[in-house]
Amino acid sequence: MQSSISLSLSSPSTICRSDSSAAVSNANVNLLNPRSLRFCGLRREAFGLNSSLSTHRIQSLSNATRRPRSNRIVASSAGNGAASKGFDYDLVIIGAGVGGHGAALHAVEKGLKTAIIEGDVVGGTCVNRGCVPSKALLAVSGRMRELQNEHHMKSFGLQVAAAGYDRQGVADHANNLASKIRSNLTNSMKSLGVDILTGFGTVLGPQKVKYGDTVITAKDIIIATGSVPLVPKGIEVDGKTVITSDHALKLEFVPQWIAIVGSGYIGLEFSDVYTALGSEVTFVEALDQLMPGFDPEIGKLAQRVLINPRKIDYHTGVFASKITPAKDGKPVTIELIDAKTKELKDTLEVDAALIATGRAPFTQGLGLENINVQTQRGFVPVDSRMRVIDASGELVPHLYCIGDANGKMMLAHAASAQGISVVEQVTGKDHVLNHLSIPAACFTHPEISMVGLTEPQAREKAEKEGFEIGIAKTSFKANTKALAENEGEGLAKLIYRPDSGEILGVHIFGMHAADLIHEASNAIALGTRIQDIKYAVHAHPTLSEVIDELFKAAKVKANTSSPVAEPVAA
């Protein structure tokens with residue numbers, strides 16, 4: 001089964017999506033500071049975008065002081081202040097993915113002398129083998145899909161010749177984008193004063209880390225080592241005909257028929273890419289329904305649009321117990337067993353198989369045994385403030401873990417948010433991240449996005465806590481901008497409390513759903529009630545009016561509103 005985002009309504013120590021209901025409040029956001037702007041979890045500087053407003057805090061790499069040790073890149077000392085007495089650094093981060101990057105840059109803003117250790121390449125999974133290159137492939141698939149839709153093009157009065165593609169050109173587009181973001185991200189950390197230390201980071205003991213042959217000390221340490229593709233037992237990956245997402249993103253070939261094991265985010269996105277490029281796809285899903293991590297109503301509509309009309313078939317309620325790569329002219333063979341009885345049900349013969357069963361934390365070799373920490377299914381146990389918990393249930397002083405390695409919410413932007421939250425704490429401000437306010441998106445065509453609880457989760461919570469829930473919906477068919485684009489297929493769904501106006505969850509399927517979800521996620525983060533946000537003004541005609549109509553459709557009984565500042569005269 002494809003790993004999905006899970007939400008727990010129980011204790012905060014559970015390895016799950018939600019660990020706290022506390023909303024993020026009193027956030028001091030400097031809108032004039034370009035470093036406060038983010039793109040898909042990456043800082044503005046990762047895209048090579050700098051501002052004269054922050055140049056007085058940035059010293060170019062050409063003026064940086066370099067130490068002779070070859071595995072240590074020392075950034076400008078002016079941008080990375082002196083460490084606390086008795087330590088080499090105020091903060092050391094193990095792992096330079098999106099989570100580590102976000103934490104490092106926020107730490108520099110807070111005046112901490114900061115270093116980041118990376119044993120592979122800067123950018124981690126997201127930049128090199130995940131969100132960044134996959135979005136490049138999906139950009140291609142979206143354009144191919146539109147050009148191939150003759151009826152859609154004719155509706156605009158356009159005539160387009162048969163669309164084709166150059167496989168290597170498509171692959172180069174994904175690789176070039178990853179390289180550019182990786183380079184910009186590296187340069188942003190150097191220029192802002194983060195020391196980049198090359199080597200595999202290991203925790204030797206309290207406030208002590210080793211990378212390569214070098215030992216350093218830090219007042220606080222963050223583990224941000226991310227995850228790797230999860231490959232179940234019985235599956236032989238050869239990197240050519242049986243592949244993970246790491247291999248698939250290289251697009252070394254486009255098979256005529258590919259089986260995708262797992263129908264979650266990863267599987268769905270790759271099905272969008274492969275079918276647009278001409279492949280036939282077969283999903284293998286362990287649960288009884290496709291897209292198990294999505295709100296059931298949204299998942300049902302998405303299946304009708306994203307799967308049923310395309311060259312996709314599927315097997316549900318089965319495990320791929322054994323997968324053998326193609327060899328000596330024989331195809332890839334997949335043995336399917338019943339998920340409940342474990343009896344052999346079928347054998348597939350395909351050109352390739354993509355293993356999209358989720359991701360596993362990369363936490364081996366970190367030296368956790370040196371501080372009496374035992375992982376749980378590979379995840380580092382943490383509390384709601386990302387503080388690491390040892391085997392006896394006690395907090396490990398000055399040690400934190402963020403991102404995929406702790407398993408709370410395996411998304412790049414969640415890792416970054418957790419890292420920023422940790423930096424707030426180590427600089428004296430208590431901060432608990434509300435994971436229910438963090439959005440997620442699947443970049444298919446059309447897109448799917450969500451934040452908060454699904455309807456079944458909300459109903460379970462309501463039954464336990466004794467309140468009613470309300471459901472509001474609006475269709476993209478009623479939106480002028482969507483109709484102008486001939487993209488009226490879509491639905492937005494709001495789950496809320498009629499007694500208080502609290503937003504419990506929002507789910508969107510439709511054009512640019514991944515962009516539209518943030519109004520809802522920000523409302524949840526700030527504790528904004530429906531009776532207040534429904535008065536917000538949206539430009540016409542825009543897709544944002546889908547969300548506007550969604551909030552207006554809610555029937556809230558409460559008359560109370562949040563305090564509103566006095567209006568400013570024009």
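Each position is counted from 1, following the chain as shown.
The backbone N, Cα and C atoms fix where each Cβ goes, glycine too.
Curation plays no part in TrEMBL annotations; they are all automatic predictions.
The feature domain 'FAD/NAD(P)-binding' is assigned by TrEMBL to 89-419. According to TrEMBL, the feature disulfide bond maps to CYS126-CYS131. If you look up TrEMBL, you'll see LYS135, GLY201, THR225, GLY226, SER227, ASP404, MET410, LEU411, ALA412, HIS413 marked as FAD binding site. Feature annotation from TrEMBL assigns NAD(+) binding site to GLY262, SER263, GLY264, TYR265, ILE266, GLY267, LEU268, GLU269, GLU285, GLY358. Among the features that TrEMBL reports, domain 'Pyridine nucleotide-disulphide oxidoreductase dimerisation' is placed at 438-549. TrEMBL lists HIS540 with the feature active site, proton acceptor.
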- Local confidence of the domain 'Pyridine nucleotide-disulphide oxidoreductase dimerisation' (438-549) - pLDDT mean: 97
- Task: Among the recorded positions listed here (CYS126, CYS131, LEU268, ALA412), identify the one with the smallest other-Cβ count within 10 Å.
- Result: CYS131
- Task: Report the DSSP secondary-structure composition of the domain 'Pyridine nucleotide-disulphide oxidoreductase dimerisation' (438-549) as helix, strand and coil residue counts.
- Result: 41 helix, 29 strand, 42 coil
- Message: Neighbour count first, Cβ atoms within 10 Å, every protein chain included; then name which of GLY262, GLY264 tops the list of binding-site residues.
- Response: GLY262
- Per 10 Å Cβ neighbour count, which of the binding-site residues THR225, SER227 ranks highest? THR225
- Query: Using Cα coordinates, what distance in whole Å links GLY262 (NAD(+) binding site) and MET410 (FAD binding site)?
  - Reply: 16
- Quick one: give me the count of other CB atoms within 10 A of the CB of the residue listed as 'active site, proton acceptor'. 10
- Taking Cα atoms as reference points, which of the recorded positions CYS126, CYS131, THR225, MET410, HIS540 is nearest to LEU268 (NAD(+) binding site)? CYS131
- From SER227, GLY264, GLU285, MET410, ALA412, HIS540, the recorded positions whose CA lies within 10 Å of that of CYS131 (disulfide bond): ALA412
- Out of LYS135, ILE266, GLU285, MET410, which of the binding-site residues is least crowded by other Cβ atoms within 10 Å? LYS135
- Message: Roughly how many Å lie between the Cα atoms of ILE266 (NAD(+) binding site) and THR225 (FAD binding site), rounded to a whole value?
- Response: 20
- Message: Please report the distance from the Cα of CYS126 (disulfide bond) to the Cα of ALA412 (FAD binding site), rounded to the nearest angstrom.
- Response: 7
